[in-house]
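Trainee: I grabbed these lines from TrEMBL:
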- 14-94: domain 'WWE' (DOMAIN)
- 95-171: domain 'WWE' (DOMAIN)
- 382-413: region 'Disordered' (REGION)
- 399-411: compositional bias 'Basic residues' (COMPBIAS)
- 433-494: domain 'RING-type' (DOMAIN)
Amino acid sequence: MARPGSGLLVPVNGMGYPPQNLARVVVWEWLNEHGRWRPYSAAVCHHIENVLKGDSRGTVVLGQVDAQLAPYIIDLQSMHQFRQDTGTMRPVQRNFYEPSSAPGKGVVWEWENDSGSWTPYDMEICVTIQNAYEKQHPWLDLTSLGFCYLIDFNSMCQTNRQSQRKRRLRRRMDLAYPLIMGSIPKSQSWPVGASSGQPCSCQQCILVNSTRAASNAILASQRRKLYGAAADNAVGAGTLTVVRQSNTFAGTSLWSSASAPSGTNNNNISVGGGHAKAEQVHLPLSTANFPCSPVMPSLSSAHGHHALTINGQNNLNRPGTQRISMGTARGAIPPGVPALPVKNLTGSGPVHPALAGMTGILMCAAGLPVCLTRAPKPILHPPPVNKSDMKPVSGINGMRRKTKKKHLRRGKNPEDVVRRYTERIKVMPDEDCTICMERLVMSSGYEGVLQHKGIKPELVGKLGKCGHMYHLLCLVAMYNNGNKDGSLQCPTCKTIYGEKTGTQPPGKMEYHVIPHYLPGYADSRTIRIVYDIPAGIQTNEHPNPGKKFSARGFPRHCYLPDNEKGRKVLKLLIMAWDRRLIFTIGTSSTTGESDTVVWNEIHHKTEFGSNLTGHGYPDPNYLDNVLAELSAQGIGEDNLKD
């Protein structure tokens, strides 16, 4: 045990479940792409718990409590979060903590990311930090929890032990997470009655209700196929267990089956989990008569019996069991097993991917062997193009641009830059300087910290275009803390003065026209842009000078329609490339990798023939959006030369 005043080394221990008759705090969490369980906010958790009390097999529309989560739905039956616009599904879990812990008190610990906003720690980390904070430990080592970070409570900083990079952290108070009393409900003791409340009339709830109706129709179709198969296979293949009406979506019992003798070759599909007694549905081993209902046998089978556990609401309080069983089920699907098409559930035509995905979730929760592992793949690249078919873009000279050292920024004298874009004010208004937060009638907050000849701390200047006023010494300090490229950006309205440049590493940009068409632009050929940046060493303008940086995914291919607006966007992108604004070095929002080349707030379309990832076509608003993003970087249509 650490003595008072010493640092704390965190021992590795399991969370476990508290004694059954104590109060506990409930935190709902979702699994991100890095395998980390991320907590929902306290307000969202209260909303989920309220829905859970009314209908434990219901659907939670997260947009009703948090507008930023409008596309997301949680299906309590299958314990999955579903994104309606993309069809993405992620597991969720319900975790428990002591009332005296951070979530019980409404304490949130956050770290400052590269964009200057605050990101909450995982709940387990948050609880650990709060415990150390309450015990007045000066520091906390997170190495034993799998993170090479050291928390310093005196400076309120997080230090990366490997790179020595420091980030600010903060402790703030928020709404406490929901508190439940009594024993943790066992897996088979959850209420199964239908919700008695009136259905919501919002569009998201209408989608959910229509999804359930479609699912019931599909279930009826499946039952007809099962009965037909039973009649065809009654002789020589064993007798099929009769599966009666499933009332899963009405909130009553999950399955109602009548047992019957079976043959030696059958598949046992267990519905439920935990300590609940599994009910079995016996199906013939052959899948010839079930084109839309694949049988999913386990890889390890004996005596012709194949068992598969389908996890659903019964594992609501057993997230570990759920994850293990689901992983086993996914790994148990052998090659060649027929799958339920995501976009053609009924065989009559395309179905909206969101409706298809939600239907699949509900059918899987009902115990139907639905396989949604064969979703459409994005079409990232066009068919192969011969070099002779690559043509220059009309109105643009050349087909390639390079960024070399001679293109890198040149330092400017800070005082000269500030004087160039401001005019001195003799009568100061009685308002704050938004840089140092001191009154303009007072001296700059940087007095004594920063000294420059000719710029006194009491001098005030007004920016020429926007008219916002600041201490001249504050503007010098802001310039010194930036890219020092001879440009200024108003911290209030973001107006750019001069030519803004970035910190993009050296590389090359190629662009040409190919004889293929983008979805939504059948009348235009396609402009293909190829960016290529090699890995290298960071310089003084980058986050960690002298350290290597990686360059993943290069060369990167991007696409524009070869029409008037597409060519205008290309010209501005070339200008942004010359000013080194397309890429920068930072932390990838996709992989979490630091010291790597990342996009720099100018979106590109990297998906050629589809829009499954959101980075493709058709997207009628993309060209207008990217023009606005370029304008925010100081590259507007007025920069184009005739």
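Note that Cβ sites are derived from N, Cα and C of the backbone, with glycine treated the same way.
Fair warning: this is a prediction, and the values are worked out from it, not measured in the lab.
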Trainee: Report the mean pLDDT of the predicted model across the domain 'WWE' (95-171), rounded to a whole number.
Mentor: 90
Trainee: Over the span of the domain 'RING-type' (433-494), count residues by DSSP class, listing helix, strand and coil in order.
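Mentor: Grouping H, G, I as helix and E, B as strand yields 9 helix, 12 strand, 41 coil.
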Trainee: From the DSSP assignment alone, can you count helix, strand and coil residues within the domain 'WWE' (95-171)?
Mentor: 19 helix, 29 strand, 29 coil
